[in-house]
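Lifted from TrEMBL, the feature list:
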ACT_SITE  B:Glu191  active site, proton donor
ACT_SITE  B:Ser471  active site, acyl-ester intermediate
DOMAIN    B:72-155  domain 'Bifunctional transglycosylase second'
DOMAIN    B:167-337  domain 'Glycosyl transferase family 51'
DOMAIN    B:434-676  domain 'Penicillin-binding protein transpeptidase'
TRANSMEM  B:21-46  transmembrane segment
Amino acid sequence: MKKLAAVLGAMMLAGCVGPNPYVTPVEDRSNRQVTTPPPPGSVESVEPSPGVSVQPIEDVPVFRPQRETLPESGSINVAPTEMPASEPRNAAVVALLDTANRNTQGGDLRAAQNSLERALRIAPRDPQVYYQLADVQRRLGQFMQAEQVALKGVNVANGQPTELRRLWSLIALIRSDAGNGAGARAAQQEASRY
Amino acid sequence: MSKKRNNRKNSRSRKTSRSWFRALLGPLLKLSLVLAVIAAVGLIYLDAQVREKFEGKRWALPAKVYARPLELYPGQQLSAEDFRLELKGLGYRSVSSVSRPGSAHWNGGRVQLVTRGFPFPDGAEPSRNMTLEFGGQGLQRILDDRGRSLSLVRMEPVLIGGIYPQDNEDRDLIRLEDAPAMLPTALVAVEDRDYYSHHGISLKGIARAMMVNIRAGRFVQGGSTLTQQLIKNFYLTDERTLARKLLEMPMAVLLDLHYSKDEILEAYLNEVYLGQSGARAIHGFGMGSQYYFGRPVGELSLSQVALLAGLVKGPSYYDPRRHPERALNRRNLVLRLLHEQDKISDAEYEEAVAEPLGVVEQRSLQKGAYPAYLDLVRRQLREEYREEDLSSEGLRVFTALDPQVQSRAERAQSTTLEQLEKRYGQSAKGLEASMVVTDPQTGEILAVIGGRDSRYEGFNRALDALRPIGSLVKPAIYLTALERGYTLATPLEDEAFKLKLPNGDVWSPDNFDNKSHGRVPLHYSLSHSYNQSTARLGLDIGVDKVIDMLERLGVERELKPYPSLLLGAQALSPLEVAGVYQTLAANGFRMPLRAIRSVTDAQGQELSRYPFALRQEVDPALVHLIQYAMQEVAREGTARYVYSQLPPNLNIAGKTGTSNDQRDSWFAGFTGNRLAVVWVGRDDNAKLPFTGSGGALRIWTDYMRREHPEPFYATRPEKVEYVWVDDATGLLSDQRCEGSRQLPFIRGTEPKDSVDCGQLRRSGNPLDWFRSWFQ
């Protein structure tokens, strides 16, 4: 209901303006003023801005016929591709992660790093590999790299809440180790979303 | 009296002789004393020399450069055929029953083998006797000799090259115990029969040689012992002077005095010259074995040992590749000597004599097969190491080169270029090409081809050919636009325009088909590579912003802010392009492309490493959108050709590029685990009879067809939503409406107004209809 009310309000406001064809294009044009003047000495326009003209969105509704049959997701020319359900972790990767864990516990961080890089080549889409690698780099004091590797982990962990929570917590830890308190809190907040 | 006289007489004569003697004795004594002192000093000096060189660092050892080791694990996408090639590259013998390292026995989809093991910097991989089972899905199981299954095994890496010292001597040091026992035996039998009994020089040997020479009437045999030969090669120069000859003998005696026969023999094994490969001189039996048989010396058969031992006398005269007949005779002579001296049995002799030479083709050797990749490795090494250390300290360099990827890329390039020449005839003569292949997940460089002749150690086009990149620049422009608020559905104007440049020229870009296409959605403009809409878009957002994006994506070269940059006038090398596309493939994480994994010293101690490193440069959600449009390039845009050859589930993302006047043909694109950049053109910059899709794309596609890569999965970031939009207007639409397609949007930027195909009038309730507008 709230949404509807808001919508109705917006409609009424729009109604006040009338059928202005130059209203609400999707994209943000605010930067246009900034970018139009060409960099000094490079470009001078001989026409009025050759940039994109925004299509007026008119009140006239656009009609389209309906499809006889619905396109299946698979037959769409360009499909939004989702990862296939994550496969069980390969025994080789398990072995490497274990070795890395042992090395980390034993303080041999270089060896751990080596094992994890081997694991990364075999399973570059496994968030756990990034998690452990980032943690090793954190212990090595390479906070910048540690955070970036963890962020890459977040990227590959799309749609896996448990992994995302762990990775964001790790990022919080990395940031606080690096003395970035505000960043750590932000990351912790991010972690609590999952 | 007479006696006295006689005595006197005698004494007088004795006196005279004695005085003569005495007169001589003094100076003689002095002289010989002086001579003795000189000789002694000389000997001490020689002795010091002999010992110093023998005990110090004996040889300048070239750095060894290795390919990536093949990792084996169940579930790996590795076909039996691929593994067969890997074993071939490593010089494994195919045998009926395996026993020794470096041998393999194939039985259908199963192979039993004994690996050699390898001292990797992160730990030694032991030699294993194991069985691999291959199936339709690749490698299924690995079993050790007791039937237990193994989860991960690393093969030894292929040695792909070295960095040689000034004299171009290449050697691979071995210890005496690494050599087959028959090797020293054969050497002694054929070169120096009395080796174990003489003291550095052999009078018997010299006498025997003289007899032989007199009988033959010419010089056929030298009397040099192995020790003298070592002295000659190891300590002395090549000049044939008397002084050298005179030094040789005492030095040989001294050497023999100080060191054991085995120590001297070991040095001999490593010093001896065994052949020539271009500028590279093959020294020692370790390298000789690799050069002629493609495997370690310890794995050589009797006949192969005999051939190498026979080669010592004249590596070029008996060169088994150039003069197989002579080599065979020489080898059999060595075998006969061994047999005569009862070193081998009748049966062994018969078997060995009957064997072919067994020398591998020089072309099949891995060493020297990757000049372009090695060039890249060398350049990266020079940033950290001194040239003399690289060529003398025996460093080990572990790279990411994948010989199988390289070989597929080379085959794809050469066959496609031949097809292009056949198809376009004269106008396609003299084509050149180069290629870079990386792993988009790790940023490792897997293969580099520097030109048409992939074995040519010359101009490396992958690194040094700077060519205008044409439309390869477009994803960077569109990504900049997306970052500044555009969406994939934003309509662009594909219309002609004129732009006056500071130098007075007027710039008016044209489309490839010389037509303007009016209003087109942004994604469509990219996938169909329209120039006018792109140039307008680029000018609108600002060339400097585009440059900033290119730099974030990985270009380090200084870029000039000319509007022509928007259509790819900027020249880059294929490697630089790979760096940019790597960032696009890795969801906006920029990683330095790496060829080297680590460097160790000769003892395996790690000196430097090049770890996985990355930095997020662009929001992954925005990169997701551009990846969508780059997939559209392959599905329905300028790179449609790929799906006529490749499976539809690969989700290829890429971009074609053609430079002005069609001088350069480019394609850069990626799948899940392979990114490849291909350039085709001419060194003289002449016009090509085809575009990016007609040339480079063909090579790219053929390569991927051979590679069987993993599909590219673009996982949807949380910020991104897929909605159905109307193609023509960019308005919201519905799956049920004609002319609609699903497009990804950053949440909140999707269009608000919708087309109407009746999809909204499901229920009779007008409020529902009204509400559904805004869902």
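A Cβ is built for glycine as well, from the same backbone N, Cα and C atoms used for every other residue.
Any TrEMBL annotation is an automated prediction that lacks curation.
It should be emphasised that the depicted structure is a prediction, and the values quoted were computed from it without experimental measurement.
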Distal contacts, the transmembrane segment (B:21-46) - CB-CB under 8 A, six or more residues away: 247, 250-251, 254
Alpha-carbon spacing, B:Ser471 (active site, acyl-ester intermediate) to B:Glu191 (active site, proton donor), which is rounded to whole Å: 67
Mean of pLDDT values spanning the domain 'Penicillin-binding protein transpeptidase' (B:434-676): 94
Residue distribution over DSSP helix, strand and coil in the domain 'Bifunctional transglycosylase second' (B:72-155): 10 helix, 36 strand, 38 coil
DSSP state at the residue listed as 'active site, acyl-ester intermediate', helix/strand/coil: helix
